[in-house]
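Read the structure below first, then the notes.
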Amino acid sequence: MSTAAVPHADAPSSPGRGVVLEARNIVMRFGGLTAVDDVSFQVHEGEIVGLIGPNGAGKTTFFNCLTGMYKPTSGEVTLGGRALPPRPRAVVTAGMARTFQNIRLFGNMTALENVMVGRYCRTSSMALTSILRGPKFRREERESIDRGRELLRFVGLDDKADHLARNLPYGEQRRLEIARALATEPQVVLLDEPTAGMNPRETEEAMRLIFRIRELGMAVVVIEHDMRFIFTLCDRVLCLVRGALLVEGSPAQVQSDPRVIEAYIGGSEDDDISADELTEEDVEVLHAEGVDVEPSRTSARSENGR
Amino acid sequence: MDQFLQQLVNGLTIGSLYALIAVGYTVVYGIVQLINFAHGEIFMIGAFGALSTYLILFQGQTSLWVLPFLVLGAMAASVGVAVLTERVAYRPLRGAGRLAPLITAIGISVFLQEFVRLFYDKVPGLDFPSAKQKIPFPQIEVVTGPAIELGPVTIQRAAVFTIGCLIMCGAALWWFINRTRTGRGMQAVSQDPDTAKLMGINVDRVIVVAFAVGAALAAIAGVAQGLLNTNINFKMGFIAGLKAFTAAVLGGIGNVWGAILGGLVLGVLETLAVQFLPGGSPWKDVWAFALLILVLVFRPQGLLGAKVVDRA
């Protein structure tokens, strides 16, 4: 049994840090379709792990398995050394939070209320105590509001606290979803395409935000199609193809792995394609699929060259 | 004009009653998309709960201080039965589509009516009257008695009580939904149950709270109805429940403020129609349900729309 205190020897980066999240041999089948095929991985404290792969590779399904939204056909997820039952409520209480590819905020609630709902699993006033307005209720309510405002400030939405979530611009909705996830006080945050649909400036901000989340001591697992984003941000990258883990390694290793190139450009004749060209090609492929990454190509290059 | 004002007051009174019951339909629908047709019976059981409390503890009393105890007795009965039906009848059917719980609700409605009709006078050790006839409801001083003359308008004391209850319940409900952790949980579940689970919200408990809140308001309506009508019977929940359901649809089912508005609009229009349209009171229900049909045809989402437990 691995526990949080045992360092993982094979970790390409951050050796000496404890394993916080571990998935062992996760398999998810829907009828005859195997969406996730025997995937194992570990996430260490304070690590940013990227999850890439072509559309339909099973990345989001894997997230759903981790967070208990799907009950995996087989396999086990442990958080901080303890097995996680495949139930969303148990998962969030144990300390794992996530955001969604297609934003799922509570649209008819304000930004602050959305974050306060995130506090739900860390507060305990029952319906009756809130009716009787006990001192515990008032203290918890006060704390929830303060903490909510703090988190909104953290993601840069402190001036939008009283706006309805559905009225916020797209990029701010993404940040609000992150704030709501952080409100659950997670050890690990799973971000599902946090920059989808964002412009280059917003993408840059998102990247800085994720670094700041790591500075708070949380581990981050991020699904992303924007390769430049992933390879700049992550300590370690995993590439899923057709549900199976194809490659795992440092950004540089994954970037130059011919199998990854193969998977993304679907068996092109250019077998000796260079790593730099991969991202260009990759962007082209994604662009052809309707994912709007075109503007970020040039600007992200100059800005991220730090 | 005097007549119009008088009917307006009467309409607001009956409308408040509808509104108090309608909230129960709408809150439960907003959370589990179930039309709880047994909710009218929860209202009836509230009235019988108040009566039972009176018969056991306060027989012969008419002082005002009895009233809060009657309301508490009514709430205990209504909330108890509502939570029990949720537990034994609806929860096992969760995820079974919409038709099975709907038919179950109708079954529970019939069951509760017949249960009260057949067994109310057979409670061992207690000398309750038979519910097969109308039972006189306790009359409490201050809230019953001589009507208040306000210029040309006569207002029943129980009507003041009823409208006052609606105002207080509306305010309490607003506070509960918008300012408490559980209320926020209810909003979250009604907007996106799957995501709500990922926030650590116990959806089953939120559903129980929704049933309990609706039942508590229906219980207050049951007491108000007893005071207004001076008697109660086992059938009182059927037509009142149907009207309250109409009110909930009128306001936009799932929307709490819509249910309150819908109740008041329905009560007022129904009363005015009886006064000013040919046919008189036998046609009362015709106008009420004609209104429902018109709303369903021209504004199916209801007056205030929104399919969620929503803010004002």
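Just so you know, the numbers here start at 1 and follow the chain as drawn.
The backbone N, Cα and C atoms fix where each Cβ goes, and this holds for glycine too.
Long-range contacts of the transmembrane segment (B:12-35) within the same chain: residues 42-43, 90, 94, 98, 101-102, 105, 156, 159, 162-163, 165-166, 169, 173, 186, 189-190, 206-207, 210-211, 213-215, 217-218, 220-221, 224-225, 228, 240-241, 243-248, 251, 253-256, 258-268, 270-271, 307-310, each at least 6 residues beyond the stretch ends and with a Cβ under 8 Å from a Cβ of the stretch. Annotation source TrEMBL lists transmembrane segment at B:12-35 (among others).
Residues annotated as transmembrane segment in TrEMBL: B:42-59 (among others). Through the fold, the transmembrane segment (B:42-59) approaches residues 21, 24, 66, 69-78, 81-82, 112-113, 116, 120, 126-128, 131, 135, 137-138, 214-215, 218-223, 225-226, 232, 234-237, 240-241, 244 of its own chain, all at least 6 residues removed from its boundaries and within a Cβ separation under 8 Å.
Look at TrEMBL and you will find B:65-84 (among others) tagged as transmembrane segment. Sequence-distant contacts of the transmembrane segment (B:65-84) (same chain, at least 6 residues past either end, Cβ-Cβ under 8 Å): 39, 42-43, 45-50, 52-54, 57-58, 112, 138, 140, 143, 208, 211-212, 214-216, 218-220, 222-223.
TrEMBL lists B:96-120 (among others) with the feature transmembrane segment.
The transmembrane segment feature in TrEMBL is assigned to B:158-177 (among others).
Per TrEMBL, transmembrane segment is recorded for B:206-228 (among others).
TrEMBL lists B:286-306 (among others) with the feature transmembrane segment. Beyond the transmembrane segment (B:286-306), the same-chain residues lying 6 or more positions past its ends with a Cβ under 8 Å from any Cβ of the stretch are 243, 246, 249-255, 257-258, 261-262, 265-266, 269-270, 273-274, 277, 279.
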Note to self: So if I exclude everything within five residues of the ends of the transmembrane segment (B:158-177), which remaining residues of that chain have a CB under 8 angstroms from its CBs? That is, six or more out.
What the structure shows: 9-10, 12-13, 16-17, 19-20, 23, 143-144, 148, 183, 186-187, 213, 217, 220-221, 224, 227-228, 256, 260, 309, 311-312
